[in-house]
Amino acid sequence: MQHYDIIRMIGKGGMGEVYLAYDPICSRKVALKRIREDLSDNELLKKRFLREAKIAADLVHPGVVPVFTICSDSDLVYYTMPYIEGYTLKSLLKSVWQCDSLPKDLAEQTSVGTFLSIFHKICSTIEYVHSRGILHRDLKPDNILLGLFSEVVILDWGAALSKEMKEDVLLDLDIPMPGSMFSNMTVPGKIVGTPDYMAPERLRGAPASESTDIYALGVILYQMLTLSFPYRNKKGKKIHVPNHIISPEEVAPHREIPSFLSQVVMRALATDPKERYTSVQALKADIEQHLQGSPQWTPKIALHTQDAECWKFHESILLSKYFPMLEVSPALWYSLAISKIESFSEVRLEYTLLRKGLEGGFGILLPPSENVDHGDFYRGYGFWLHIKKNVLSVSLVRNGLEIQKTSGNIDVNQEKFFIAFEKQNHRLSLNIDHTVWMIHMDYLPGRGGRIGVIIQDITDVCGNIVVLESSGALHVSCLAVPDAFLNEKLYDRAITFYRRIVESFPGRKEGYEAQFRIGIAVLEKAAEEGDQEGFSQALREFSVLHDSVAAPLEYLGKALVYQRLEEYNEEVKSLLLALKRYGQRPEISRVRDHVVDRLHEALYSNHRVSLVFMLLALHVAPESINSSEEEHFLKNLQGKIHDTLFCSLDISPIDFRSSKMELLLSYWSGFTPFLPGLFQRSWDLKDYRALADIFYTAADLGEREFIDVYGNTLRENIQATTFTEDIVEIFPHQLIHFLSALDAIFLHAPVEKIFSDVDILDPVLIIYLFDLFAKDVLIHGKGEQILDAIQVLETYVSPQQRHTYLLPYEILAYLWMKEGKKVHELLSAHYDESFWIEDSHWAFVLYGYWLALTEESSLAYLHLSGCREDHVAPRALIGLFCSPLGICENQWSYQERRNLLLQKFIFFHCLGDDVERDNCRVAYDLLVKERLL
């Protein structure tokens, strides 16, 4: 264990202890589990402990914590794993047991719907584990970790066993340790596992099997649905086999448990193993069926691909013209066919495609009925499927933009694929070979009408495209008639009919939905006519829903209005109000889905608000972001990560689903409502480095109130806490001095006052303070003070830190003082000339400023405009400003716009253009004050 710095203990079990540790070689925090010292001499227990580690190391699945290292060579036997922030399912269940009323956030966390999503992930993990020939044998809520970002992880593989092995009696006996303080913890000969979660046959001494794991899953699902046990075996009493278990819907009628789910639980808990599910896969399939709300479908029409009578028109198109975001060759021609018939309000399309057709790409669309033959076929929703190198990708497209994408490996020998596309209620889904690949929710009145097909060779569709109607669609919604008027842009007639529905269904779902659609109709009319009063009327229509059962729709509607008006602060504020106030209302899911939809929309249009919606999505719908999207997002964020001080000072890589990523997004977007939550989370974890990062971010964004309130809270917490654990990073008392220095910066105190405690501060804190101080004095025309600060600080940081973090500001100070000779000396002495033309390097910008100060302005413009126009580093945005194409304001985040104004301020100062320089200062102060998203 000498390779790790132990931070604190985070868990203790019968055989092992788990510590939070720091791995200095890989620069990351890990969870280190070691065998207890009082058990370390027992070879049998060592063998069992190592068996647990090796089983976990052999399993590769998101639901199993991977093992980094296993150490069995020394007296201290241990292994390491990733450290995941979260809590156990047991702690969540325990927090609500026997509670008469629950807070909103806890009620949401323990709702039937939320628990089913978690249980589905548990089943997926155990299905994989069983496929590897492993039995867990001790499934229970204690051994299920719920991560802060929707991770669901199975823990504790100490009882796990390969199905091919016979149960090792010696390994599975619990050995009492005479003389140990834990000598009474076990009884020799006890069956491995937890009695409350053991199948009846297991309690009678039968060997473990997949069926006994399924029984344990049944007990867990029973607890999730009812918030109670199906039975309890009391400690000290003889273990009994339950004869009868009361159905979940009878035990907890207030939970409104569907009969189908009760049947699922009772089947999993069947006393006779033969009556249980035959596999976890079968159990998971029933859960999926319920989650998807699978309807009964009836075939209605068959579209013959070779029959011209089935199609309104059939022609060739250049696909890249209409779908520029798809990975298709701009020169490839595709066949487009649009059906004569219009699809039903709830429809399922079934067809079989040859592999060759998918290798070229295949699209299925629901274009609007109007103007479909005038080039508007790409409007509305559709799916695009494409095979490349045995990877099948599925993209959801809307109005020509790819808004969601997923992919997966396929069998290299598979030649045919069965595809099913469903549109039901507000849900669009795509199934491939009876497996769900993508689901998307859309709660706005649909514009789809006909069915469109895009493919290179229509003969690659095997047989017909079968159109099926849902049994639920036989009941026509009262909203269908006004929806039809809305689709035809007959706004006034649609509004009239919607109002009649509101009057006819007061206090009912239909009435609230009609009121919401009145707002949509008014909004669409205002947008089409450019009527500002119309937008105000739409806001008033949505306000009618205030404090009703459908209250989330008020704020969703208002967010749509503000989005059209490009008032993004108000848009995000509306969505936040809905999420905070009405987290338990049924309609809140529509707000969450809209957040995810806006994220994809903003990303693909390269809009600055994408950072805010990424942050919101991480909070309210993290499960909606898949691994390929994570990779794409991280790739796009690399420039910002590189230019973020708290990232560059921490060499460990940043995970997408982490508190640090939330802070990064808050920093660049200027969106700070989640800072209090990050503060509390970091304090609970005693992560003092993260607390320093948070206060640096708040100070940089000018959040004086946050620093005052939470700075005082931090001071009180530190003074009231006794610190016993080993601290490997920033010390708590240093944070108190850091906060005092932040206050001094806000008050524009002298250099000596700000850095009066520099001798007791960690270098990271010193660099944070210097960065904040330097930017503040630069924009306020006091750049020379940077040199005074460097003189005070340079002995307290390493030479490398001085070069990386102090030197650029030193050069900026001399630029402010217009000492061109000194600037050139520093550039020549510290930066290789190759860096002067590398636009990702500080020297590129500094050299451009020097040219502006000492040479013709045209040379400065020419040099700076040589930056790359794609993926430009935030520190070099001045280069885009100098380029002929200029800056697109909508693309840049709050922090990028702020950086650009500071860069322009220095640039114009070097050019001697004091008027433009002062205009930049005014604009900078206004931006900081208003902080528009």
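Placement of Cβ uses the backbone N, Cα and C atoms for every residue, glycine included.
According to Swiss-Prot, the feature active site, proton acceptor maps to D138, an assignment based on sequence analysis. What Swiss-Prot lists as ATP binding site is I10, G11, K12, G13, G14, M15, G16, E17, V18, K33. Look at Swiss-Prot and you will find 4-291 tagged as domain 'Protein kinase'.
Cα of I10 (ATP binding site) to Cα of the residue listed as 'active site, proton acceptor': a span of 21 Å.
The number of other Cβ atoms within 10 Å of the Cβ belonging to G14 (ATP binding site), over all protein chains shown, comes to 13. Residues I10, G11, K12, G13, G14, M15, G16, E17, V18, K33 are the ones the record ties to ATP, and the longest Cα gap between any two of them is 15 Å. Secondary structure at V18 (ATP binding site), taken from DSSP and collapsed to helix, strand or coil, is strand. V18 (ATP binding site) sits 18 Å from D138 (active site, proton acceptor), counting Cα to Cα.
Taking the Cβ of V18 (ATP binding site) as centre and 10 Å as the limit, one finds 18 other Cβ atoms among all the protein chains shown. Reduced to three states, the DSSP call for K12 (ATP binding site) is strand. Residue pair G14 (ATP binding site) / D138 (active site, proton acceptor) shows a Cα separation of 13 Å. Around the Cβ of I10 (ATP binding site), 15 further Cβ atoms fall within 10 Å across all displayed protein chains. Model confidence over the domain 'Protein kinase' (4-291) stands at 83, taken as the mean pLDDT rounded to a whole number. A distance of 16 Å separates the Cα atom of G16 (ATP binding site) from that of D138 (active site, proton acceptor). Around the Cβ of D138 (active site, proton acceptor), a 10 Å sphere holds 21 further Cβ atoms from the protein chains shown.
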